[in-house]
Amino acid sequence: MKMITTSNSTSKVNTSSSTTNFSCSISKLTGGGSIDLWRRYASDKFSDMGLDPRAGSDKMFNETASSIVETLKKANSILPHVVLASIVLALLYPPSFTWVTSRYFVPALGFLMFAVGINSNEKDFLEAFKRPKAILLGYLGQYLIKPLLGFIFGLAAVSLFQLPTPLGAGIMLVSCVSGAQLSNYATFLTDPALAPLSIVMTSLSTATAVLVTPMLSLLLIGKKLPIDVKGMISSILQVVIAPIAAGLLLNKLFPKLSNAIRPFLPVLSVLDTACCVGAPLALNINSVMSPFGATILLLVTMFHLSAFLSGYFLTGSVFRNAPYSKALQRTLSYETGMQSSLLALALATKFFQDPLVWIPPAISAMVVSLMGVHTRYDMV
């Protein structure tokens, strides 16, 4: 019994000695300080990712999740670049977007309006309404100056450039819709303090588009093409007003659910917008690349530039003595010059049988997106 115990003790000593020798051998093979080197390397990598290498696994997971959420929230900053890429892809390889047929345009725009609603609250509107004069001026630019310019360029397309009537009607339709959400982004980049004002002006023009857009369309286009005013009102209610109201209600009644889904909306909205811009170009590639496609591009670009300049100089004449006049001029020029081309496109595909009417809104979406890219790089 005594001998067995001694034997066991000797065995343990030998095992321990073997383990020590094995560890020493591994250390020699890998280099004396390799483990420390790997630890330092991993620590540096975690630090580069914005994580605390000394934190526990739970804390590090939370930091990682927070980092992902912040990345998702910043997705809107790449919107102009993604849209520009979709334009190039649609023109070079149309099949990449031809699967997005016209029946998807209305629900796609509805989703974008829902995203606008869920990211809005009444406080933003109350703050911005402290500048009623600027709001009124922006509204007049949106629904008085811009439709007048659209009528002039649409008429020039038909009478001066001898283009088909549906193309002129498409230009006029673009001038009748509300402001684009991209104007809010442009204002945020150049004058962040006026971003709420831009949001209010866009929201107001969008909310009243349910009546104003059909009436303007009837006034400008009605003599050239038949207009279903009641159908257009119903469509705008469904695709604009209802989704925005749903987003606002969800934000108000179920804030936890809103907070959970809000970080993912920018990414989905960017992809949604890219498809809505690329698809009509791809579906009408023959018309877009035809000889009159270049003429329409010129007319639509001149229309937008004229609207920009009109908004800028009109605001300058009204607010020339205000300390923030330049910032207001930029904000209202964005609001007047950037139209909701996607709404015009949705209405064109739903209420006009001739696909030529679709082309000016599609090109307008491209031009407005390029203006957004210019604003982004102008601030870099």
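Don't overthink the numbers, they just go from 1 along the chain as shown.
Glycine is no exception: its Cβ is also placed from the backbone N, Cα and C atoms.
The region 'Disordered' annotation in TrEMBL covers 1-21. Marked as transmembrane segment by TrEMBL: 78-98, 104-122, 143-161, 199-221, 233-251, 263-283, 295-319, 358-377.
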For the transmembrane segment (104-122) and the transmembrane segment (263-283), check the count of CB pairs under 8 Å (sequence separation 6 or more) and say whether it reaches 3 or more.
yes
Check the transmembrane segment (263-283) against the transmembrane segment (78-98) for contact, please; criterion is three or more CB pairs under 8 Å, pairs 6 or more apart in sequence.
yes
Checking distant contacts: for the transmembrane segment (199-221), what same-chain residues at least six beyond its ends satisfy Cβ-Cβ under 8 A?
113, 116, 120, 124-125, 128-129, 134-135, 138-139, 142-143, 147, 150-151, 154, 169, 172-173, 175-181, 183-184, 227, 229, 232-233, 236-237, 240-241, 244, 332, 335, 340, 343, 347
